[in-house]
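Shown next, in structure tokens, is the structure this report addresses.
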Amino acid sequence: MGLLSDPNRRKALTRLNAPICIVCYLAAIVWFMGLAFEPFPLRTYMSENAMGSTMMEERFSAGDRGLSLAKEFDAHKRKAGGMPVEWLVKAMRARGLEVFTQSFSRKLPFPDENKERYMVGGRNVYGILRAPRAPRTEALVITAPCSPGNSNNQAVGLLLALAQYFRNQIYWAKDIIFLVNEHDLIGMQAWLEGYHHTNITGMEYSPLQGRAGSIQAALSLELSSDVITSLDLILEGLNGQLPNLDLANLFYAFCQKLGALCTIQGKLQRNDWDTAEGYTHAAQTMMLMVLKQACGQSWGDHGLFLRYYIEAASIRGINSFRHYKTDATTIGRLLEGMVRKLNNLLERLHQSYFFYLLPSLSRFVSIGYYMPAFGLLAVILLLRALDLWVHLGAPALAAVDGVTEAEQPSSPGMLTVLTPVVISHLTGVALYLLPVHLQEMVVEHFPVSETEAVVLTAIAIYTAGLALPHNTQRLLSGEGTEQGWKVLKLTALLYLAVLLGCTALINFSLGFILAVTLVPITASITPHMPKALCALAMVLLSPAFTILYCVFIYQELIEAPVSEGWMLFLSVISQGILDHALNGSLVYPLLALFIYPCWLMFWNILFWN
């Protein structure tokens, strides 16, 4: 408190405030980019004692049988024009499983043009292998989504081959559920809601007739080719959730044991960490994880398990590195080893990290290492707020009869500060509600589809918010005072600091990306700056342009055509709204109801009279 009560120290704080903020911002960027350098990330290790050793003999040898079952499944799927439910039921029963089906239906708020669906209806098929040596109170799940066309047929065939092999083993202490779900995340959400007797998304589904024990872990398998050259581990779940790090460590350990080529973010691991190329590779891998986690969507069926505190991951087969090849038997043995280790668990995975970043599968960055980068950015907002508070409390100097006297500044009226705050949040509410509700009216008056109507309405409302300063000043009586914009900025700075802090605790990647773009302009904006130049800077650093930059950076990192970035940006907007409606993703309401209104408050400060 001496820093604030001593006038000399307050002057020093005011004088050094800007240099300290610049140093903090640069230090945050350097700290974060340095996390991919070898001395920073720790080597991965198994924390759970029950999974500490891979010294077991995997005996699965029915990989070829799995591929033949995949061909049968593909033939029956073509014949049925969708998932061959009857054939799957018969195939699972022939392997000694208790087989059940579940029907579900869901009407989307607007058509999903990426997957060409609107009214979605389907059935899930699952078989339960009861544990012969336990009271059947716990379970594991192996799932393979039934995708349209030729996608994922090999995963379903291998799942059936594993079910037949597991049926002949006697060491299972947990029930094992083999699930084939239709319509990817929609079918998986229906099954999970039915299994846990919940309905959080408004989906219609039939109750499950058969249940196993409490699900401890889940693995989702995605194979779409007979030739698999590498196995990619997918961890990012809904709202940036990640499974326990031990699950990734278990996958990596068995890949090392069986000689299977494994990747993370589709990138191979390099051993030349001390070279510029090695660092660049690790940094790109870590940035891909940050971008995928920040978007808040589930990158595989496993992501929906995480909201039920079930540790889950997706294993995706990739056919790209031609000089490597992993056969179906090896993949089956990998799954066998992982399931046997998970079968040994006496409690849920909890001893390792839940918050981490992965520059590779052999190294990780824990929350204790990456959180200081965000803390340095948050300090900037607090320092600027403290500087404003000192200025607000300082008496103004006025000359009376040639004598300089200190006058206590007048406080701005409540309406002066409250009006832009309310209007900003009302604009955010309109951005959140109106795009979906106005789609029919837009389609009637303009030659666009429903999806295009939703996206264009969202962009129109977002752009209309730029007129906020004019509308605010029409409601206020007279002009705003110098004290008024300072109080408004002080409020907005603290508000933004709380928003970004809460976001970073839930989804660090999203909070950090927003802080990198929002902190510089919000910390420095004043009404006395050049209007045109600052307005351009604020627009270029607004939340919408942040999403656009992330799309282009993601396209560059995965070596995809950057020219498709604009269309992908529009698709990201529609998918963000759909993910919120279907799966409960929080990114769209966070941006619409909180981040965008907060940005509008700073936009109002720039045009303060």
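Count begins at 1; order follows the chain as displayed.
Placed from the backbone N, Cα and C atoms, the Cβ positions cover glycine too.
Per TrEMBL, transmembrane segment is recorded for 16-37 (among others).
What TrEMBL records for 367-386 (among others) is transmembrane segment.
The transmembrane segment annotation in TrEMBL covers 414-434 (among others).
Same-chain residues lying 6+ beyond the ends of the transmembrane segment (492-521) with a Cβ under 8 Å from its Cβ atoms: 25, 28-29, 32, 239-240, 289-291, 293-294, 296, 355, 367, 370-371, 373-374, 377-378, 380-382, 384-385, 388, 534, 537-538, 541, 543, 545-546, 549-550, 586-587, 590, 594-595, 598-599, 601-602, 605. The transmembrane segment annotation in TrEMBL covers 492-521 (among others).
Annotation comment: TrEMBL describes 533-554 (among others) as transmembrane segment. Note on the transmembrane segment (533-554): residues 287-288, 291-292, 294-295, 459, 462, 466, 513-514, 517-518, 520-521, 525, 562, 565-566, 568-569, 572-573, 591, 595-596, 599, 602-603, 606 of its chain, located 6 or more positions outside it, place their CB under 8 angstroms from a CB of the stretch.
Residues annotated as transmembrane segment in TrEMBL: 586-608 (among others). Within its own chain, the transmembrane segment (586-608) is flanked in space by residues 239, 294-297, 420-421, 423-425, 427-429, 431-432, 462, 465-466, 468-470, 472, 480, 484-485, 488-489, 491-492, 495-496, 499, 503, 506, 510, 514, 518, 521-522, 525-527, 529, 531, 534-535, 538, 542-543, 576-577, 579-580, which lie at least six positions past its ends and keep a Cβ under 8 Å from the stretch.
Sequence-distant neighbours of the transmembrane segment (367-386) (same chain, 6+ residues past either end, Cβ-Cβ under 8 Å): 13, 17, 20-21, 24-25, 27-29, 31-32, 35, 40-41, 353, 355-357, 490, 493-494, 496-497, 500-501, 504, 508, 511-512, 515-516, 519, 522-523.
If you look at the transmembrane segment (16-37), the same-chain residues 6 or more away from its ends with a CB under 8 A from one of its CBs are 273, 279, 282-283, 285-286, 357, 359, 365, 369-370, 372-374, 376-377, 379-380, 383-384, 386-387, 512, 516, 519-520, 523.
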